[in-house]
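Undergrad: Encoded as structure tokens, here's the structure I'll be asking about.
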Amino acid sequence: MNPSRCRIIAIGKVRKSWVQDGIELYRKRLPGLTIVELRDSNPEKEAESIRQTLRRDEWPVMLMEQGETLTSINFSERLRSLGSQRLAFVIGGADGLTAELKALAHWKLSLSPMTFPHELARLLLIEQLFRAQAILQGSPYHRA
């Protein structure tokens, strides 16, 4: 997994300092990973902002409650199987993603069957990206 081939596109700003601290901790451990914050608005405007931000060479990975749930090991294997494909992990705002955006997904992913605030989902995702890299590199970080 190459962090420079991944972007996180998220609606809204992280307002809680402890969440931001966690995100920054993992961002430093994943050099090259980009996080794009888009302004929160109504779902249609958010969808338009996301569509405009997605690059043609990226596969959108939409994070949603109804997406595929994977173990950390399965997640790392999936990332490895995608090789050099550029990925854009998309986290919607408080109202989630529109049906139109969900239809653009190359992969629909759920971090859990539970619902989390979108800023916490960002922290969980970036930690799982770091964990996936650690698993693929044989690092002792993942000890399941």
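Including glycine, each Cβ sits where the backbone N, Cα and C put it.
According to Swiss-Prot:
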| type | residues | note |
| --- | --- | --- |
| BINDING | Gly92, Leu111, Ser112, Pro113, Met114, Thr115, Phe116 | S-adenosyl-L-methionine binding site |
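Looking at the shown structure, what environment does each listed feature sit in?
TA: In the three-state DSSP scheme, Leu111 (S-adenosyl-L-methionine binding site) falls into the coil class.
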Undergrad: I'd like the Cβ neighbour count for Ser112 (S-adenosyl-L-methionine binding site), meaning other Cβ atoms within 10 Å of its Cβ, all protein chains included.
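TA: Excluding its own Cβ, the number within 10 Å is 10.
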Undergrad: By a simple count of other Cβ atoms within 10 Å, which of Gly92, Pro113, the binding-site residues in the record, is least packed?
TA: Pro113
Undergrad: What is the number of other Cβ atoms found within 10 Å of the Cβ of Met114 (S-adenosyl-L-methionine binding site)?
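TA: Looking across every protein chain shown, the total is 7.
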